[in-house]
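What TrEMBL records for B:1-25 is region 'Disordered'. Among the features that TrEMBL reports, compositional bias 'Polar residues' is placed at B:1-10. Among the features that TrEMBL reports, transmembrane segment is placed at B:37-58, B:100-121, B:133-156, B:218-239, B:294-312. The feature domain 'ABC transmembrane type-1' is assigned by TrEMBL to B:96-313.
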Amino acid sequence: MPDTTRTAESDPTKTMDEPTGSTSSSSAHEVSPHLEPKPASETPSTETIFDCRNVDVLYSGKLAVAEVTAPLMKREITALIGPSGCGKSTFLRCLNRMNDLIPGAEVRGEIIYHGQDLYAKDVDPVQVRKHIGMVFQKPNPFPKSIYENIAFGPRIVGMKGDMDEIVENALKRASLWDDVKDRLKDNAFGMSGGQQQRLCIARALAVEPDVLLMDEPCSALDPISTNRIEDLMLEIKEQYSIVIVTHNMQQAARVSDKTAFFTVDLSAGESNRVGRLVEHDVTEKIFTQPEDKRTEEYVTGKFG
Amino acid sequence: MAGTPSTTQPAMGGGGSGPNLLRTRTPRSVGENAIRVSLFVAAAISVITTTLIVLSLLRETVAFFGDVGATEFLFGTKWTPQLAGEQQSFGMVPVLVGTLYITGIAMLVAVPLGLLAAIYLSEYAPPRVRKIIKPILEVLAGVPTIVFGFFALTFITPELLRPLLGPEVQQSNQLAAGLLVGLLVLPTIASVAEDAMTAVPYSLREGAFGMGASRLIVSLRVVFPAALSGIIAALVLGASRAIGETLVILLAGGSGQLLPQIVTDPTQASGSMAAFIASTATGDAPTGSIEFETIFAVGFTLFVICLVLNLLSIRLVGKYRQVYE
């Protein structure tokens, strides 16, 4: 169970009012969309799950993503959109320290999660990832049975309880149980791509994280499977905070509460491409009346 | 000068027009045929050679079994083919046990070390370290085996085993031979197993890391099982090399020529089937004699053992093979 203590630091009003630093283009966090009543039925989130402050990512000393400052809200779906190479995936991977696995990668700045900086010296990335699960671009089930795929995580984190029950619950949360309950012992590779991806979601949910990071989870799937994953995301956001990277703007518009638009900054030259956060706001606003011209050009299809 | 007819001309024969799709004989098509034939001949030569080797083995083996009963050969426990008259006995079990004993010691050394090295190289080592160590391993796998044998004979036994275990350690002994054969096959096992583990897609590791698995868990519970078929292949390859290893054993483990009973003491000399063949074939057994035929009978048995081992590995590899896109 996530046992990180919640402190006053995660109070959004505090983080909202902070001076937002250097990115003048990034006007998103000056707005406090969650404080105004949202037309949608669900109650807007009032707590941040990640408070990112001046996050830079460097690969072998070269800046790849610069100065991302954004509060990401609890129990919301935040979509990260933008053209290829804008650093949205790289940024996503900062949120559960997956970048640590890449030799030469370095993250600067702060990402406050439940009052703790994820990049503080004494933070163990392995512990971080137990609370912040991830689903990848291509379904990547283990070459094991469906049951073993789900049971893997709970076993390694030492979850107590009846494993059959844990597996069943995880599969039900990913609305996969009815599809596979009669063939739990079958190899996961025999499933369709969409089912494999839902299995990967179930596998991530089985260890009971409180955040799910999704890196273009539908890019390898057909529209019907994509639709099911989107429905699933909307179902589970009651309990989880979700951050999704997507190339598909319709998808961002359909599922997300907030959207963050990244772009590639070429001002330092073609070989020094740097990803920057341009605008982060309520999804509807990003798609209908964005503050920044670059956002408008991107969402209306004039660029990218 | 076999010019292709221009496609704009009406095709000859029928009334239809369009590009000429008929096969024509050009210098190039003749060349293609020649290449195909020579490739076939190259493939055929290797198959034919192998068949001839097996046949020649088989001929002498059949002659051998005309004189010695198969039961005595396969189950007898007194191996004295070089002795004369009453003393001569062809029970192969002691030399077979010697082979397996030394192979066993070798695998005890090589399997854990080899697999740990493979896990280190594929999962833990920084790219730079790996780039240095991997080629060294591959070069080690090609060190002439006589070097290992000589090392066992002149260093391991006198400088290491005797001080540790006492003076009763024979100059040739199963322990020294086993240890060195183990070191000999270690790079092979490490290198092939490492290839298998590196071939496991990175996405599988990411999946496990992404839910809070440590590097150790990812290595042992994700990568290792996913690479199992390749790892089994590595182990079988190592075992085959150990079983067929000749020079190290001949120098450091015994010639396998005179084994009146099964040797179970690791400090004593035994020998292996391959060592027996090498020492007897270079001795003075006259062609056509029973001693001479013994070489072929032992050789054929060794051939069958390695064949069975390889068939087994093909089955195991097939069983655990996982195809990734």
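The backbone N, Cα and C atoms fix where each Cβ goes, glycine too.
Note that the structure is predicted; figures quoted are calculated from it, not measured.
Most Cβ pairs under 8 Å with the transmembrane segment (B:133-156) belong to B:100-121, among the candidate stretches B:37-58, B:100-121, B:218-239, B:294-312.
Only pairs six or more apart in sequence are counted, and the transmembrane segment (B:37-58) with the transmembrane segment (B:294-312) gives three or more Cβ pairs under 8 Å, enough to call it a contact. Taking Cβ pairs closer than 8 Å, the transmembrane segment (B:100-121) reaches residues 130, 133-134, 137, 174-175, 177-179, 181-191, 193-194, 196-197, 219-220, 223-224, 231, 234-235, 238-239, 242-243, 245, 249, 253, 263-264, 266, 270, 272 in its own chain, all 6 or more past its ends.
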